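> TrEMBL lists these features:
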type: ACT_SITE; residues: S784; note: active site
type: ACT_SITE; residues: K827; note: active site
type: BINDING; residues: G409, P410, P411, G412, V413, G414, K415, T416; note: ATP binding site
type: DOMAIN; residues: 11-256; note: domain 'Lon N-terminal'
type: DOMAIN; residues: 693-878; note: domain 'Lon proteolytic'
Amino acid sequence: MGESVELPSRLAILPFRNKVLLPGAIIRIRCTSPSSVKLVEQELWQREEKGLIGILPVRDSAETATSGTAVSSGVGGESADLGLKNQAGISDTHKLDSKNQQEVIHWHDRGVAARALHLSRGVEKPSGRVTYIVVLEGLCRFNVQELSTRGTYYTARITSLDMTKGEMELIEQDQEFVALSRQFKATAMELISILEQKQKTGGRTKVLLETVPVHKLADIFVASFEISFEEQLSMLDSVDVKVRLSKATELVDRHLQSIRVAEKITQKVEGQLSKSQKEFLLRQQMKAIKEELGDNDDEEDDLVALERKMQGAGMPASIWKHALRELRRLKKMQPQQPGYNSSRVYLELLADLPWEKASPELELDLKAAKEHLDVDHYGLAKVKQRIIEYLAVRKLKPDARGPVLCFVGPPGVGKTSLASSIAASLGRKFIRISLGGVKDEADIRGHRRTYIGSMPGRLIDGLKRVGVRNPVMLLDEIDKTGSDVRGDPASALLEVLDPEQNKTFNDHYLNVPFDLSKVIFVATANRMQPIPPPLLDRMEVIELPGYTPEEKLKIAIRHLIPRVLDQHGLSSDFLQIPEDMVKLVIQRYTREAGVRNLERNLAALARAAAVKVAEQEHLVPFAKDVQRLSSPLLDGKLAESAEVEMEVILMGVNNHDISSAFRVASPMVVDEPMVEKVLGPPRYDDRETAERVANPGVSVGLVWTAFGGEVQFVEATAMVGKGDLHLTGQLGDVIKESAQIALTWVRARATELKLAISEETNLLEGRDIHIHFPAGAVPKDGPSAGVTLVTSLVSLFSKRRVRADTAMTGEMTLRGMVLPVGGVKDKVLAAHRHGIKRVILPERNLKDLVEVPATVLSSLEIILAKRMEDVLEQAFEGGCPWRQHSKL
């Protein structure tokens with residue numbers, strides 16, 4: 001901005017009605033008249049960056065008469081009263097009225113040369129008229145020597161009024177100019193500091209003070225103030241820089257003083273207003289605003305609206321009396337009183353609860369419900385059959401008190417989605433209440449209103465959110481509640497899940513009975529053991545075991561892969577995962593009972609494919625008429641201007657349209673190298689069992705965990721010692737007792753099993769026994785490892801290896817009787833997942849094999865054992881040849 005500008009001898013003239021453009025200022029105008037459009041096309045649009053035009057202030061004779069003085073003597077003394085008849089291209093804000101088109105206007109003899117920073121062209125519909133939006137920057141002053149026409153617009157012969165570089169150097173040495181410059185900068189800096197404190201702005205303006213010459217700063221500052229047209233003309237006529245600086249300093253100081261006076265008045269008024277006066281003033285302002293918006297109804301205030309809402313809630317008579325008593329008490333209170341807000345919130349809760357509102361149930365179609373379950377879930381035949389039975393009873397007797405179903409199983413097997421399917425089949429709303437980690441009884445029953453921060457329990461809050469009294473409510477993770485000094489949430493659930501008691505459920509916060517008998521409760525848990533027996537007695541437990549590899553494959557093909565592709569913006573056109581690769585992921589990377597890890601691994605493959613697709617070059621064409629702004633000051637000016645017009649075009653796109661923008665020559669097919677590159681080396685290997693039991697003293701057991709069945713190795717070794725037994729592996733008391741029983745049984749049968757020469761021989765003499773359960777970070781307990789411990793000890797003492805393809809489970813008595821255990825289905829499925837071919841089970845667990853899928857049973861050899869000798873007979877290769885006979 002400090003560079004001098006070479007002006008041509010003649011410029012096209014664009015008149016400004018009652019407006020002055022000063023050098024350094026930026027203005028945005030819209031040209032619509034034919035003359036101004038022609039001027040912009042020929043002088044700016046076609047010349048691009050080289051175009052310059054002149055901006056000349058004009059005003060009509062009426063303005064001149066009211067002001068009392070003529071603005072100018074005209075151009076060359078002859079054109080003082082030029083009748084333009086609105087042929088000058090004034091912007092929309094400066095147009096002449098149609099009634100005043102014959103009115104004579106006056107031209108000023110001095111103007112400012114301007115260049116275009118931004119041009120945009122548009123066409124008005126339906127007239128087809130061309131319009132231009134121009135952003136202009138003032139450059140320097142000029143004097144008009146002669147005014148003439150060129151087609152439909154005016155041109156002028158001009159002379160520049162800018163000082164040369166030499167003249168500027170001379171005047172900068174003038175002491176008066178130096179003093180005026182310092183005074184102007186000091187006043188301007190003071191103004192910037194005040195504005196920066198009030199509006200957090202001014203950083204850009206401070207840079208201007210340091211970089212732009214002071215005689216140009218005067219024009220820039222004055223252009224940003226709201227001053228009269230006469231003062232603008234006076235500033236434009238100030239060719240002498242000292243006069244210009246003096247006027248600019250006066251205007252800046254006047255603006256500064258007006259800000260200070262306004263601040264003093266505000267402080268004085270605020271100091272005189274008390275707190276109550278402020279509140280009254282704000283309430284009156286709020287009332288006025290609401291009246292302007294049409295939101296205020298004089299006949300109905302907030303409490304009247306609340307009362308009407310309570311009347312429409314359908315409360316029972318006894319509860320309505322209680323609510324009216326509370327409402328009357330609230331009306332007598334002032335909003336400033338401490339209890340006003342809590343009473344108001346309590347009454348709003350009473351009004352929001354669904355006392356009578358219920359969602360109408362659909363006519364139950366069992367066939368459609370069964371198809372819906374089959375679409376959403378693969379397998380789980382027994383569970384689906386129980387749900388269909390439940391729905392059939394609801395169809396025959398809608399008001400029947402059905403049992404509370406509790407789905408128990410490992411994570412990722414579909415417990416929560418089954419509850420959602422029940423709600424969809426019944427046509428009821430579904431709400432999930434998470435109980436994981438809840439230790440406060442108030443989370444179920446609510447807090448009493450006497451406490452600060454009290455709130456209703458999760459059940460009442462859930463019913464308020466769902467808005468109906470008969471939803472399907474899922475009590476998720478019911479086995480993970482705890483108890484401490486704040487109460488026992490599981491005990492509070494006894495009333496909720498008892499159909500004889502939940503008709504009058506009393507939430508402490510609500511303090512009135514609420515009927516929960518219409519709610520259908522469904523619970524989920526990973527384990528039954530932590531659930532208190534009284535609570536478990538109120539529920540019907542349906543166990544969901546883990547999935548077989550074949551079921552996982554079907555689930556992945558039907559459900560997981562389509563969902564993963566959709567979540568990552570892909571389709572089968574981009575990524576294909578063959579069945580063989582899905583099997584590979586199942587066998588080598590996931591051995592969980594559910595399918596969550598399988599979905600995570602498939603998602604990792606999808607992300608790798610998404611990177612490849614997104615890396616493709618995709619060019620987006622831009623409109624030809626879009627031009628970048630080139631002025632460093634323009635960004636700030638346009639951003640703060642309220643006159644900038646923007647049009648946002650919403651593009652109706654969806655994921656499919658976005659994905660279709662990318663094209664690939666052929667879809668990416670997942671292969672084994674890609675699986676290993678993305679997922680890493682295989683985590684599981686079928687040879688693991690053979691490697692672990694390669695040495696004597698190791699046996700393979702089957703255990704049940706909250707995540708499904710697992711294979712557990714038991715290792716035993718002997719060393720020089722005093723006959724002590726050492727147990728490691730983070731074991732519970734029950735499993736430690738099983739180890740003691742196992743060692744006692746082996747020592748008692750040492751001679752019969754040919755582990756000792758005679759009965760007098762002490763098997764532990766001079767040595768200690770150490771039994772270890774690997775994965776020591778995982779807690780282990782439960783009565784199902786007895787046979788595994790005995791087999792490990794017999795293998796250690798006989799120096800014979802246990803068969804690598806055999807796993808076992810079962811507890812034993814001190815006399816060698818094999819007792820039945822639980823979780824048989826999960827354990828058999830775990831053995832199948834690990835590639836084990838033979839499973840030794842207690843004979844009394846034969847009935848539990850009915851739940852195991854036929855495909856799994858056909859691939860396994862199930863061996864039933866009644867006594868410990870039967871287990872040893874099958875656990876070793878070639879039987880147990882050292883056993884001669886057995887005795888009780």
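Keep in mind that glycine also has a Cβ here, set from the backbone N, Cα and C atoms.
Unlike curated entries, TrEMBL annotations are predicted automatically.
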> Given the ATP site residues G409, P410, P411, G412, V413, G414, K415, T416, which other residues of that chain have a Cβ within 8 Å of the mean position of their Cβ atoms, reported in sequence order?
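Near the ATP site, beyond G409, P410, P411, G412, V413, G414, K415, T416, sit F407, T524, L544, A593, G594.
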> In Å, rounded, how far does the Cα of P411 (ATP binding site) sit from the Cα of K827 (active site)?
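Per the Cα atoms, P411 (ATP binding site) and K827 (active site) stand 16 Å apart.
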> Excluding near sequence neighbours, so keeping only residues 6 or more apart in the same chain, what lies with its CB under 8 A of T416 (ATP binding site)?
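In sequence order, R432, L474, D476, T524 meet the Cβ cut-off.
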> Looking only at Cβ atoms, how many others are within 10 Å of the one on P410 (ATP binding site)?
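The Cβ of P410 (ATP binding site) has 23 Cβ neighbours within 10 Å.
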> Give the number of CB atoms, excluding that of G412 (ATP binding site) itself, located within 10 Å of its CB.
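Around the Cβ of G412 (ATP binding site), 19 other Cβ atoms lie within 10 Å.
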> For G412 (ATP binding site) and K827 (active site), what Cα-Cα distance in Å is obtained after rounding to a whole number?
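Spelling it out, the Cα of G412 (ATP binding site) and the Cα of K827 (active site) are 17 Å apart.
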> Mind looking up the mean pLDDT for the domain 'Lon proteolytic' (693-878) in the predicted model?
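For the domain 'Lon proteolytic' (693-878), the model's average pLDDT rounds to 85.
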> Taking the Cα atoms as reference points, how far is K415 (ATP binding site) from K827 (active site) in Å?
20
> Among the binding-site residues listed here, G409, P411, G414, which has the most company in the form of other Cβ atoms within 10 Å of its Cβ?
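The residue with the densest Cβ neighbourhood is G409.
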> Taking every protein chain shown into account, which of the active-site residues S784, K827 has the largest tally of Cβ atoms within 10 Å of its Cβ?
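Output for this query is K827.
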> Between G414 (ATP binding site) and K827 (active site), how far is it from one CA atom to the other, in Å?
19
